[in-house]
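Asks: One structure is given below, represented as structure tokens, and several questions about it will come after.
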Amino acid sequence: MASKLLRNNVHRILGLVPTNPNPNFLLKRLIVLSCQSLSARPYSGVAQPVPIDLSLPEKPPIDGGTRIDQKNLKKDSTSSLNEAELAKFASIAETWWDAEGPFKPLHVMNPTRLTFIRSTLCRHFRKDPYCTRPLEGLKIVDVGCGGGLLSEPLARMGATVTGVDAVEKNIKIARLHADLDPLTSAIKYRCTTAEKLVEERKEFDAVISLEVIEHVANPAEFCKSLAALTVSDGATVISTINRSMRSYATAIIAAEYLLHWLPKGTHQWSSFLTPEELVLILQRASITAQEMAGFAYNPLTGQWSLSDDIGVNFIAFGTKNQ
Ligand SMILES: C[S@@+](CC[C@H](N)C(=O)[O-])C[C@H]1O[C@@H](n2cnc3c(N)ncnc32)[C@H](O)[C@@H]1O
Ligand SMILES: [Mg+2]
């Protein structure tokens, strides 16, 4: 009797399916398992020298068609704007804070990317990562902030945060949400672009842009703007998706078409940058990449962790040359 009970429930005991599995659950886990590199090493926390192929041709600007024609979008200085990409984000703007909605992957990845940001910024700016407000005294801009998923925890960690996004709806949602908590209500949100801030001669100790560069019209120009916003010896942090065969299988086929984690068409594989390309365009913009980490997904726990495997999702920390 006991052994029969055990046999029938072994999959639940092992945590492979929830108590009320839906019919596709096991299939989905198998898909992720087969796409994910199971050999991903945990993040060593050591700055990785990234090989730079200086003969690499500059990636041509991705033609996103005409600029978005929304009356609520500031249209001056639009070199990074890609109309088609912005329209996708505008159409799902109400769902930013729905932890089970289209932005679920960002919600789930947030603690992991914050770990990387906190540790790299604290090390660079000589701050204590273990205190309650480790980023106190730092002026940070979150470029392409969306609904403020990153801006808010940065503000809670003590930073003076400005969040900017090219989609007005995102900024409205971000403002409403941040105002719910006195710890985040001081965040300044603006519907604008990095280029526009450069024209206004704004500067920040740290410039952070997560999961944005693969959606802009011209990544190299975008990086130049991020660099111009960074004070001398300040920090720039960028996360994106590697243009690898594995990212095609996981970030597009699995995430969009099989698992429906993201709306279909969220990402264009050709718009992804390899880590080497990112390092190179940052270098050309006077930012020296100092450290890079990958994000590894554990299909059994549904959690992300930092990894040395930069084959799919990765994050880079660089400093502005003095
Ligand atoms: C995938 S979301 C990432 C949001 C946020 N950075 C995060 O990781 O939680 C990309 C965001 O970048 C914004 N965006 C795209 N192109 C932009 C540009 N050229 N300038 C400013 N924001 C842009 C989009 O509107 C969208 O909110
Ligand atoms: Mg993206």
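Glycine is treated like the rest: Cβ placed from N, Cα and C.
From TrEMBL, here are the annotated features:
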BINDING   Arg113, Gly144, Asp165, Leu210  S-adenosyl-L-methionine binding site
BINDING   Glu211, Glu214, His215  Mg(2+) binding site
COMPBIAS  66-76  compositional bias 'Basic and acidic residues'
DOMAIN    141-237  domain 'Methyltransferase type 11'
REGION    57-76  region 'Disordered'
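For each feature listed, report its degree of burial, its nearest neighbours and the pertinent distances within the displayed model.
Replies: Under 8 Å, Cβ to Cβ, and six or more positions away along its own chain, Arg113 (S-adenosyl-L-methionine binding site) finds Leu150, Leu210, Ser239, Phe295, Ile315.
The 10 Å shell around the Cβ of Glu211 (Mg(2+) binding site) contains 22 further Cβ atoms across the protein chains shown. Annotation note: Glu211 (Mg(2+) binding site) sits in a coil segment as assigned by DSSP.
If you average pLDDT over the domain 'Methyltransferase type 11' (141-237) in this model, you get 98.
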Asks: Write out the long-range same-chain contacts of Gly144 (S-adenosyl-L-methionine binding site), meaning residues 6 or more apart in sequence whose Cβ is under 8 Å from its Cβ.
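Replies: Set apart from Gly144 (S-adenosyl-L-methionine binding site) by at least 6 residues yet with Cβ under 8 Å, we have Val164, Asp165, Ala166, Ser209, Leu210, Glu211, Val212, His215.
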Asks: Which residue counts does DSSP yield for the domain 'Methyltransferase type 11' (141-237) in the helix, strand and coil classes, in that order?
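Replies: Split by secondary structure, the domain 'Methyltransferase type 11' (141-237) comes out as 37 helix, 28 strand, 32 coil.
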Asks: Got a sec? Which of these binding-site residues, Asp165, Glu214, has the most Cβ atoms within 10 Å?
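Replies: Answer by Cβ density within 10 Å: Asp165.
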Asks: Just checking a number: largest C-alpha distance across Arg113, Gly144, Asp165, Leu210 for the S-adenosyl-L-methionine site, rounded to a whole Å.
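Replies: Greatest Cα-Cα span of the listed binding residues: 19 Å.
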Asks: At a 10 Å cut-off from the C-beta of His215 (Mg(2+) binding site), count the other C-beta atoms across all protein chains.
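Replies: So the Cβ neighbour count for His215 (Mg(2+) binding site) comes to 25.
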Asks: Given the recorded Mg(2+) site (Glu211, Glu214, His215), which additional residues of the same chain have their Cβ within 8 Å of the Cβ centre, ordered by sequence?
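Replies: Nearby residues not in the site list: Glu85, Gly144, Val212, Ile213, Val216, Thr240, Ile241, His267, Ser271.
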Asks: Name the secondary structure element type, per DSSP in three states, that contains Arg113 (S-adenosyl-L-methionine binding site).
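Replies: Reduced to three states, the DSSP call for Arg113 (S-adenosyl-L-methionine binding site) is helix.
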